[in-house]
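Input: a single structure, listed below in structure tokens.
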Amino acid sequence: MSAKEVKFGVDARDRMLRGVDILANAVKVTLGPKGRNVVLDKSFGAPRITKDGVTVAKDIELDDKFENMGAQMVREVASKSADAAGDGTTTATVLAQAIVREGAKAVAAGMNPMDLKRGIDLAVEAVVADLVKNSKKVTSNDEIAQVGTISANGDAEIGKFLADAMKKVGNEGVITVEEAKSLETELDVVEGMQFDRGYISPYFVTNADKMRVEFDDAYILINEKKLSNLNELLPLLEAVVQTGKPLVIVAEDVEGEALATLVVNRLRGGLKVAAVKAPGFGDRRKAMLQDIAILTGGQAISEDLGIKMENVTLQMLGRAKKVMIDKENTTIVNGAGKKADIEARVAQIKAQIEETTSDYDREKLQERLAKLAGGVAVIRVGGATEVEVKERKDRVDDAMHATRAAVEEGIVPGGGVALLRASEQLKGLKTKNDDQKTGVEIVRRALSAPARQIAINAGEDGSVIVGKVLEKEQYAFGFDSQSGEYGDLVKKGIIDPTKVVRTAIQNAASVAALLITTEAMIAELPKKGGAGAGGMPPGGGMGGMDF
């Protein structure tokens, strides 16, 4: 085990504070509509330009181990806010820095760190209660667009795209963000259920121009196993032919004489039929087939349930108004499933999302939920250069999470005003002793930091702006740093999701309180130079190659 260096008390906190300041100062320049960009060097490819706080925070690694510990703790604030609300990472970092700075002063003045922490916790509870009380539900499409615009740093086009996407796929739908191949940003919405499996044979194609199968009012056979034996299928095929309706077969695979017969009948006999492979693998495949069955009002044919293929009747098949199958995807629109059954399945998947600890599983469950409950919208972000597209994509990601958060918990005035108003509620807060009162005061002073920083980034005097905003009683009154005017921020469309502001203060206070109560820090001693260099002479490994 290598030797360790230990720092105590003021020395430890000073080093840690330096790290906190370095990270927070790099992140906070991005705050607000007039925030600046940060350029990140990449070991390969072009540098990355971003205005996303958490992306900047994740890129910072300091040489000094003790400073780095402070920086990493504040990075955790940004990451946690990004995970919980998807936005508000810069606000959380600015708040954490303000609380740590004020707290360190109080500890240096001889106050009890544990009582300070209790005071901070009390204050945060009161702030959260005030935010929830003043939160306003999002009702219109315009409000969703405003939230998206603010989060995308005033880009109204992004706000509009997100509002359209939310309108089309609903709150449960999935919105994905991709890089476009052109200059234009575009929105592509897939309604109904789509899965990434295409037709097994191109001979099933009905629309030769688009090379896809298009069926209206189709029956859907959902089978877990491979279909290779024709005799199993015959009774069902005969029943479907009599109805005159098309049949889509979703199975693990269709091969051998079963596939050959389907193709021949499709080409010669005019049997409207198409076969696709089942989506997913293993247990996930079973679940997805069950989803398709519930959506279409059919039954997933499985030998586990004791249903044999030759005994399948028309009543066991699913129905859909429209089915489209191309080389890579199958889309089922307007399935005939009962609304109550679909809602029960949605509730079940939501419960699984709550319980799962795996990010991968959560993502897959959310995809399944979207396919059942809403649809999938893809925003393709365009730009002139790769660097611009990546920067814009970061902003679209932020805005997408912010709009989701706004729909979940409502909105409050933006521009740091909601936190400023909450700070006024802390003046009369009851505490058990003076040190706890100081803890409350630390949070009260820190709550003005985001509004100050937004003003500073816009070239204004932060203290003057904060003073003027607090003079007015009106809750939504604040400073619009984009236009340089005061007014009702909600009417101006400057709004923040309550969830984003709430998670920012909770995460900032949580980590900051831990930093304040730190008394010792332990890190590995830096390695002595030369020992691990392998004895190579200076000037490169090969003689005579010094150009």
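The backbone N, Cα and C atoms fix where each Cβ goes, and this holds for glycine too.
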Thr30, Leu31, Gly32, Pro33, Lys51, Asp87, Gly88, Thr89, Thr90, Thr91, Asp496 bind ATP per Swiss-Prot; candidate in Gly170, Gly415, Gly428 listed for that same site: Gly415
In the chain carrying Thr30 (ATP binding site), residues 6 or more apart in sequence that have Cβ under 8 angstroms from it: Arg36, Asn37, Val38, Thr50, Lys51, Asp52, Gly53, Val56, Thr90
Most distant Cα pair in Å, residues Thr30, Leu31, Gly32, Pro33, Lys51, Asp87, Gly88, Thr89, Thr90, Thr91, Gly415, Asp496 binding ATP: 17
Around the Cβ of Lys51 (ATP binding site), the count of other Cβ atoms that are within 10 Å: 21
Site with most surrounding Cβ atoms, counting all protein chains shown within 10 Å, from the binding-site residues Gly32, Gly88: Gly88
